[in-house]
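First the structure, in the form of C-alpha cells, and then the observations on it.
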Amino acid sequence: MVHFNPDLASSARPSNNLKTRCNMDELGEPGPLSQQGECVQKTEATDNGPVRPVPQNFVWRLYGRSNSSSTSVKVNPGDMALGVPVLRETFDPWRCHDGHDEDDGGCKGCIKINKARAAAASLATPLAMASMPSHAGTTDLTATMASLQSRELDDSCPDAAPDQLQELRHDGSVLALAVSDKYIFAGTSKGEIAVWSLGTFQPVQTIQAHKRSVLCLLLADDFKYLFSTACEPIINVWCPRTFTRLYEIYSTYDVGDVFSVAYSPQREIVYVGTQTQDIQWISLKDPERKSSHESAHHPDRRQHRFFDSRAVGGTSTPRRTEEFYALIPTAEQVLEIDSGAIRQYAHYGWVFCMLVAKGPTVLVDSDEEVLISGGGDGSIKLWKLCDTGPDYEDGNVVTGDIEELMVLGEDDSESVMSLAIDGSFLYAGKLGGIIELWDLDTKQKLRVIKAHDGNVNVLKMSFGLLWSGGTGGSASKHSTVHYGRDTNGAAQNISQKYQCLSRWKAHDAKILSSATVVHNSDQLFLTGANDNTVRVWRVNGMPSQTEDGTGPAEDMMIQSLREFISYKTVSSRPEFTEDCRKGATFLGSLFKRLGAQVEMLSTGSLHNPVVYAKFSGKLEPAEKRKRILFYGHYDVVPADMKGDNWQTDPFKLSGRDGYLYGRGVSDNKGPIIAALYAVSDLLQEKALDSDIIFVIEGEEESGSRGFAEAIHDNKELIGHIDYVLLANSYWLDDEVPCLTYGLRGVLHATVCIDSKHPDLHSGVDGSNMLSEPLTDLTLLVSKLKDRKNHVNIPGFYDGILPLTKEEDLRYDDIANILIRRNPANGPIEALKRSLMARWREPNLTIHRYNVSGPDGSLISSHATANVSIRLVPGQEVDEVIKNLKSFLREEYEQFESDNTLTIRIDNKAEPWLGVPGNYIFRTLEEAVMRAWGPTASEDSNNGVSVALPPNGTNDETAPKTRKPLYIREGGSIPPIRFLEKEFNAPAAHLPCGQASDAAHLDNERLRVVNLQKSREIFSTVFRKL
C-alpha cells in the first residue's frame, strides 16, 4: 500500500464544476492557504470530460469535528492504547452481565466499593486501561480521539533507536518509498525516482518520472511492475529491473493530483485515488484502452477551461514548461482510462490511500480481492472488485467495476492518511498521531492508539509488528496480535498487548514514507522525510526468511490445531480482546476454506462474536436432510507464564510422548478441529447427506455472555435443528471412553447489607446499639445451610428426580471400573455416594465476603457475600431464585436491624439431563465402540453385544466390545440446555479427552490418539445421523 504525502491533509469546499488544486513546493508542502485554512481555489474544467455534479451539503475538512453527542470516554493520561469499544473487566460470575432484577439498583454500597477500587487501581497502575461500566452508553469515539490527540505521548515508551545502517541523501523531499529484492526506490518532490542498490546502498540511477512531485510508489508483489503517481493527472508503470517506462496512463476527467494507487494482480487492473474524490481503474491488458502519444484527449494537449481561457480580444496564459520535462522517458504504451471506469465521489474528500487485500472479511471468499480506500472525509471503504462493468447505450463495455461492500468511520471526519492490513484487522493512520484498529468481520473499531505527536503518515505491518511514522519525525513499532509467518517469512512470538515497544527520532523533519524488507537475513525498516534523506534501520528481532522452514509434511488437522492454539483467545482478560477476534477470524477462514458458508454473529459490542458455519449435505431435496448443530467455544482460560509450571509455551502447540500440549488443546479447540475435519472427510468422500451447522462461541469461559441473544437474533439463519452435539469434557480416567448425559445448572447471587451510617471506628462508635452490616450478613448467610450441609431454602429439594434402577446400575458400573483401575478409590458404596453427591444432587456454596473501607478496626458500612447454587434436573431455576429471596428476606426481618438488605442474581444456567437410550446417544455409542474397540487393559471376553440404532450400521454386525461409560458431571455448560430448548432438539455430549488432560490447569494436553479417534467418531456420527 502506498499513499501521497500525508501532510497534504488540507482541503477546500469546491463549487460545482470546480476543482481545487494545492500547489506543491519542492518540500512536498501544500500551496498557499486562505485565512480559513483552505487551499486557494483555481477553477478548472474540461471540454472533453463529463460534467461532475457536486452533492449537496458537501464539505471537505482540514480537521474534523465530532458529529456525535454521546458520552465521551475518559482517557487515562498514561495509556498508550485505548480499547474502543471493547474495554471490559476480568470475568466475574457474580457481576451481572445481562440485566438486573428489581433489587439490583438498590445496593449503593456495591457501587461505592467498585468506584473506590477503580480509583485505587488507576493510581496504582498508571498504564492500566481505562475502566468502562458493563452497561455504559454509546461511546463518543470522536471525543476520545480528540482527547488522545491533545495529550502528550507516554514517556515510558522506550526511545532506543535501532541500528541505522545507512542514510541515503537526495536533493528533494522523499515523498514515497518502495523496495524490491535488489533496489530501493524513492519518489521525490522534484518528480524523480531515485534508485539505490539494496546490497551496496550505492546510487544506481535517477529517473525523471513526472513533471511534479511524486506522491506515491507501489511495487507489485511479484516485482513485475512499479507504479508511480504525482501532483499531476498521469500514472506511470515501470519495469523495476530495467527501469523502462512501460505504460503512461491518463484519465479523460480533470482529476487533479493522483494521491494513491492500488493494483490487482488477479485482474491486472490498476486503481487510482484522486484529488476529485474519485476512484478510477484501468486494465493493463485491455486493447481497447490503448491510445496514441499525440492524442488530443491527453491532459497536456486538451483544452483547459481555466488555464487556456481568455477574455474577448485577450490571450491565454502560456502553459508552464521546464527543460527537465524532456528527460521523462517515452512510454512504450499509452492507455486512456474509460470514462465509465469511475466511481465518482467514492469519498467526500481526497482519496489519500488505498490497498488491495485478499479475503479480509467473511463477506468475501478467502482468495477474493477487495479494494480498501481511505479518504479525507474520515471514512474507510471496502470495495468488491468485479471483472466487468456496465454496458452503455453506445455499445461501450467497461472492463472492471467496484461495488461498495462496507463503510467504516462515517461518524468521524478526521482524514485517513495511511492503511495497513493484517488478516481481517485493518489499521488506519489518521491526523493527530492516531492509529485506529478495525475488525473487518464485525465492522467494529477495536482500539485507538496514540502513536505520535504529529499526523500518522505511514503504516507498515511486517515482522509481526506495526511500524509507523509521523510528521513529528518519530518512528515507532507497536506489538500486535500477529500469527504464523508474515509475508517476509518471519516466525512470530510477540506480546499480546498493543504496546509501544520503541519510539525514536528517525528524522528532524516530517516522515512522509516508509518501507520494509528482509535482505541478507536482516530485517530492514526504511523511512523517508522532507529532510531529503532515506534512512535504513536494522530492526532484527525475529528469525528472518532465510530460516530453514523445511520439514516433514504435518497432518493438516494438527497443522490447523497448531495455528488455532497460537491465538491467545482468553475471553476473561481485556488485553486479549484482539486475540479473541483474531481467533474467531482464523476459525471462520478455516471453515470457509474447507467448504462452509460462514457468518460472524455479533454478541454485542463488548463480547466476542459467535462463528457460524454451515456445511450442506448432498441429499436432495434439502427438506429431507437432517440438520445437526455442533456447539463449541474458541475462548480459553488464562495460562500463567510467570512461574515455571508450564514446561513449554502454552500458546505454541508442542508434542511430547504422544500428547499435544497447549492451552485450549483439550478444552475446546482440539474437539472443534476434530469435528471440522470429520466433516471435511465426509465431503471429500461425497458421503455427507445431512447439514452440519457449527456454532462456536467466544465467551463460554466467561459465562457465555451474549450467546443466547446472538442465537435468538439469528434463529432464522440457523434454521431448524434435529440434533445438538457438543464435546466439552473428559473421561473419568485415562482408559475408558465416556458419554456425558447430565450436567448440573448454576446460579450466582450476591447478598448485600448496607448501613445508613458511613464507615465507623469500632472503638469510637461500636456498641450493642449499632447494627453492623458484616454481623448481619454473617448471621443471615449462616441460615442458608445447616451443619450437615443441608440447604434450608424452602422447597429446595422438591422436584428432584428420584434415582432409577437403571441409573443406579450405571453408578455400579462406573464405581467397579474406577476401583479396578485404582483400588484406593474404594469402597464401592462410598465411591458411588461421592459420585452421586457431585453429579445428581444440588449444593450451595458461600464463596467470599467483601466489605467497604480500608483494613483495620473498622465497622464497614457495606458488606456483601457471593453465593453459588448448583442445581440438578427437576429444580426450576426461577423457582429457586424466588424461594431464595423470600427466605433471606423473612429471616432478615427477624433481625429487626436498621440496615438494608439487597439480593442480586448475577448469573444463571439450567441443568441438563439427556436421554441415554435415544437415537443420538445410541449412534454415539456405536461410533465410540467402533473407533476404540476393546478398551485398554479390558478382557475382550467380558465384552457384550449391544443393540444398535435402526439403520445404524447398514445391517453390519456390531463389534463385540465394551460400552462407553454413561456419566453425569457436576459442572455447568449453560448453552447445552438453552440450545436443546431453543431448537426443540435432543442434545448429546461426547467427552474427547482423558481425566489427566489438565484442562484449565498448567500443561493442558490432549493425546494424539484421542484427537484422531474423536475425528473418526464425529465422522461416523455425522454420516449416520
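Counting starts with 1 at the first residue shown.
Each residue, glycine too, has its Cβ placed from N, Cα and C.
Positions annotated as domain 'Peptidase M20 dimerisation' by TrEMBL: 741-894.
Annotation comment: TrEMBL describes 1-36 (among others) as region 'Disordered'.
As annotated by TrEMBL, region 'Disordered' applies to 934-960 (among others).
Mean pLDDT, taken over the repeat 'WD' (361-385), works out to 94 on the 0 to 100 scale. What TrEMBL lists as repeat 'WD' is 361-385 (among others).
With DSSP states grouped into helix (H, G, I), strand (E, B) and coil, the repeat 'WD' (521-540) comes out at 0 helix, 14 strand, 6 coil. Marked as repeat 'WD' by TrEMBL: 521-540 (among others).
Sequence-distant neighbours of the repeat 'WD' (361-385) (same chain, 6+ residues past either end, Cβ-Cβ under 8 Å): 9, 11, 60-61, 64, 260, 262, 264, 266-267, 269, 271, 273, 277, 279, 343, 346-355, 400-410, 412-419, 421, 424, 426, 428, 430, 438, 440-441, 585, 588-589, 592-593, 598-600. Remote same-chain residues near the repeat 'WD' (521-540) are listed as 27-29, 161-177, 179, 184, 186, 189, 196, 201, 458, 460, 462-463, 467, 469, 473, 475, 477, 488, 490, 506-515, 546 (criterion: CB distance under 8 Å, separation of at least six residues from the stretch ends).
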